[in-house]
2 protein chains.
Amino acid sequence: MLSPQPLRNGETPSPHPRISAPHFHSTLSVQKLRRFNSLILLLRLLAFCFSLSSSIFMLTNSRGSDSPSWRDFDAFRYVFAANAIVAIYSLLEVAASAWEVLKSATIFPEVLQVWFDFGHDQIFAYLLLSAGSAATALVKTLKDRDTCRSFSAFCLQSDIAIALGFLGFLFLGFTTLLSGYRVVCFVINGSRFHL
Amino acid sequence: MLSPQPLRNGETPSPHPRISAPHFHSTLSVQKLRRFNSLILLLRLLAFCFSLSSSIFMLTNSRGSDSPSWRDFDAFRYVFAANAIVAIYSLLEVAASAWEVLKSATIFPEVLQVWFDFGHDQIFAYLLLSAGSAATALVKTLKDRDTCRSFSAFCLQSDIAIALGFLGFLFLGFTTLLSGYRVVCFVINGSRFHL
């Protein structure tokens, strides 16, 4: 139902975006945009760090053949896969955001970039939440059984991996709000520049 | 960072919203709006039906003292609570949507209504997904144990309740997209009317 927007590559913002606007306004807009993009970059960096840590904690949660391994449990495999996918996605998005902060240009055409970011942020936030919830329920049942009494280090490391995954979800959730806001800005003005 | 919008109560759309626009255009807009609101109403009704069914299926999943009960498992209590909350919320939203379709006016002031709908849709979609994922992981462990062999009806009914909850999440997720689009329309035009 949205009216189609023309494809356009990200361009450097004009020093005089509105001829009638006074100079201090355009400077303020550029400053605001830079601060906004830096905030997105920071959130993506945090989401990357936490999801990478979560997947590494889960991957290394195995202590020989006489101890349980994360590979034996579907929910733990789900946590590893979800966090690894989000870590790779976040790393690419960190690179794209850093490029945008430095060069003031998007890598893909602008319309594609804002919708791509928002759509993927939303879906991956669902994925991380789903994996974290499933693994929490599994750990709860392991604690009710003898597993966690016999192998407390295994359960502790699982807990840490899950908690890190939830923190990753939290930062990705905040990023979703900001990338959603960028979509709104784009739909309103035909450009992500005008805040 | 959004510029503040003036509070305004929902009003009936003017028969001539734009003086310069030809008559067929305004008629088309009103028709489109009615169709859009009817679609939201339908999705909310479906979300209500599925989340209510899910909570009832879970609530009745108990067969005497010698059989396991849903109350013994945190994840099943979570599914019941989440689906009951969403069913109540959806029922209220169905009433609000029906009111809007019939009277062409929102119950709350317009700015409050669009943001309230979108925010709650998003949070409750997360809630349903989280509950469904946790319960799926629990059922998986119950199936690995003897519980599901001895009490297959209990596990089957749990499966049905969880599946109904996921369907509720699906329809609530679609509603989130539409209510998000309504927010965009409101931010663009200062009214949810102009599609």
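Please read every residue number as a count from 1 along the shown chain.
Cβ coordinates are placed from backbone N, Cα and C, and glycine is handled just like the others.
Just so it is clear, the model here is predicted, and its values are computed rather than measured.
Features reported for this protein in TrEMBL:
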REGION    B:1-20  region 'Disordered'
DOMAIN    B:36-171  domain 'Casparian strip membrane protein'
TRANSMEM  B:41-60  transmembrane segment
TRANSMEM  B:80-102  transmembrane segment
TRANSMEM  B:123-142  transmembrane segment
TRANSMEM  B:162-188  transmembrane segment
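DSSP places the residues of the domain 'Casparian strip membrane protein' (B:36-171) in helix, strand and coil in these numbers: 116 helix, 2 strand, 18 coil.
Long-range contacts of the transmembrane segment (B:41-60) within the same chain: residues 70, 76, 79-80, 83-84, 86-87, 90-91, 93-94, 97-98, 101, 128, 157-158, 160-162, 164-165, 167-168, 171-172, 174-175, 178, each at least 6 residues beyond the stretch ends and with a Cβ under 8 Å from a Cβ of the stretch.
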